[in-house]
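J.: Below are the features I grabbed from TrEMBL:
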BINDING   151, 215, 286, 491  Fe cation binding site
């Protein structure tokens, strides 16, 4: 096919690449060593390259020819030949775990720099053109977090907004919202943006020893939207996981009898809205978008009624008949919550405070808290992306992968949240990755542009390819077939040519 002439830049993707080292194997797909891959678009041609992230974790494992650094689903143990004192010492030093820098989930941009990220306190700077691994940054040196999300937000001033959990502070577990400014000046270049990290707000965890697990958060023009879900980490179990010989993932539990709490932080005052808003228990990984309308915050998420998704990706379940055998016990559901920030304080108990046309409701309870129920927009989509120029604003389109009852995506979908129409692209035995929307340079409408996705074939003998779709019609514009083994990956980003620095540092 033909690629639009304006498409110049790099699609950069990240995900787990290698699961066996020597005689050892990771237990979980999300533990694999990070593999970066990129498609460079230049004058109508596409160039592919891939490279393992040369993290400290990668180097230690390769050197020892076995897994020596623990990942979330795989606990690594010291060499049994080591003497008993060394062993006892390493048990003690694992209380607050030394996390891995195997940054395999996403790509984050700060100023002119790009980082591979995961959910620990480490990120790795990379060169998006050569995929070389550069310095390691430890968030905890600049802000008191032990973990941070892989889905930061970017504001119009070029700041990065992110959230992390702090479990170190004398049992005062809290969620911290922080802002990384873009690099200040050439002189202060060296990691300077991290020296100027600002803590915007901290939200105490409802339970000191059981903070909520979260993978992303939402943002509107004036507010940050954080959902404290009853899918929680058990800190005591985590601290003793090493001694007990279990992995950290086993310290996550879903408490389906508990509520899910919504927190809204005012960006200007840096304070949390005092009204307590909640909904029923749910598990969510991905926020889609959020915006404000007539005194309400509207946010769209993809939610589950249990945590079966994570368990499916244990490698023992990823057999060749994976698609037939593994069925999600909860289908991903796209939910829209409509939360009235401004409402009549004298409204009757039991009345619905939502005044916008929506089937979502927000009902006032006796104690003054507000119970929210969502409008169901659609089912069966995951890895959602939007036109990021519409982030925090009223919008129409979600680009996502379609997953029915199996967690492996089989189609790409474009969903209109206003009309509920869905367009799909799919071919037999094709597994597409998260679709990324790239707006055209003279875009007038939200869906003026293209959608990029990497497609892996269910049959390893068939070559994978990069697919380019017209975002409006969802018709195929072209595909670039890649003559290498390509892996299913997680997340990525498109870097327009103008944002690439061609320096050789």
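Each Cβ is built from the backbone N, Cα and C atoms, and glycine gets one as well.
Curation plays no part in TrEMBL annotations; they are all automatic predictions.
In the displayed structure, how are the listed features positioned relative to their neighbours?
T.: With a cut-off of 8 Å between CB atoms and residues at least 6 apart in sequence, the same chain places 106, 215, 216, 217, 286, 287, 491 near residue 151 (Fe cation binding site), listed in sequence order.
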J.: Among the binding-site residues 215, 286, 491, whose Cβ has the fewest other Cβ atoms within 10 Å?
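T.: Fewest other Cβ atoms within 10 Å, among the binding-site residues 215, 286, 491, is found for 215.
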J.: Show, in sequence order, which residues other than 151, 215, 286, 491 on the same chain lie with their Cβ within 8 Å of the centre of the Cβ atoms of the Fe cation site.
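T.: The surrounding set, listed in chain order, is 105, 106, 149, 150, 216, 285, 287.
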